[in-house]
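Trainee: Can you keep this structure in mind? I'll have questions shortly.
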């Protein structure tokens, strides 16, 4: 614990050589794959820095699309002590418990059952998303984007504006209309076309004006969020925003030259 406390002395990124970025792809139930890898990674870090070590302590930016956005939120949402509410080992059980209810499987009997399922696709998404909405709101509560324990980047796509909408911690601090609830962002980036309905919600800017979002799966814009996360980092570097640099710095885990 003493070692971890000493590591938490945050330095500006110019102090080290790297800004660390974790990117988590989309893929629905296949979120079990990154969940398993991240559980192993966190366990290895805990062997070095103690049981209280969490992945959010080691990455300046965590980006996730679709189901990866949900994993990102779970890794960075704070508890009452401003520590991660979930450990990486909590993510896999979450998927195993809730995915069968989010995507309930109905048996298809005979040719008529098959035809019925095909016709349903033309009527709208395969699942109503209600259970997903409820469980995500329950887990993430009222936490907003600016409250994450490290900087996050989560892509979505606005079907009304016909353009990608990228939610990032930096943008949330700069533009209040992007400081949405994490639950709303996660539901949006998980709304895969044909499987789950589009999700809409409103926020307010600094003048109290309403900003409307009508969003679907971030995978429509960027199923691999690595480039989106790197673009966000690069943008801040070129803007020369030293305040952001100081906030992003996690020099305890930056690789330094010997």
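Keep in mind that glycine also has a Cβ here, set from the backbone N, Cα and C atoms.
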Trainee: Choose the correct range: of 49-53, 54-58, 59-63, 64-68, which one does TrEMBL annotate as motif 'GXSXG'? Give that range.
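Mentor: Per TrEMBL, the stretch marked motif 'GXSXG' is 64-68.
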Trainee: Motif 'GXGXXG' per TrEMBL: which of the ranges 26-31, 32-37, 38-43, 74-79 is that?
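Mentor: Going through 26-31, 32-37, 38-43, 74-79 one by one, TrEMBL gives motif 'GXGXXG' for 26-31.
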Trainee: Provide, as an integer number of angstrom, the distance between the C-alpha atoms of residue 66 (active site, nucleophile) and residue 217 (active site, proton acceptor).
Mentor: 6
Trainee: Taking only same-chain residues 6+ apart in sequence, whose CB is under 8 Å from that of residue 217 (active site, proton acceptor), what do you get?
Mentor: 26, 65, 66, 156, 157, 189, 190, 191, 192, 193, 196
Trainee: Give the nonlocal contacts of the motif 'GXGXXG' (26-31) in its own chain as ranges (CB under 8 Å, at least six residues past its ends).
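Mentor: Contacts with the motif 'GXGXXG' (26-31): 64-71, 91, 95, 99, 103, 189, 192, 195, 217-219, 223.
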Trainee: Could you tell me the mean pLDDT over the motif 'GXSXG' (64-68), as a whole number?
Mentor: 93
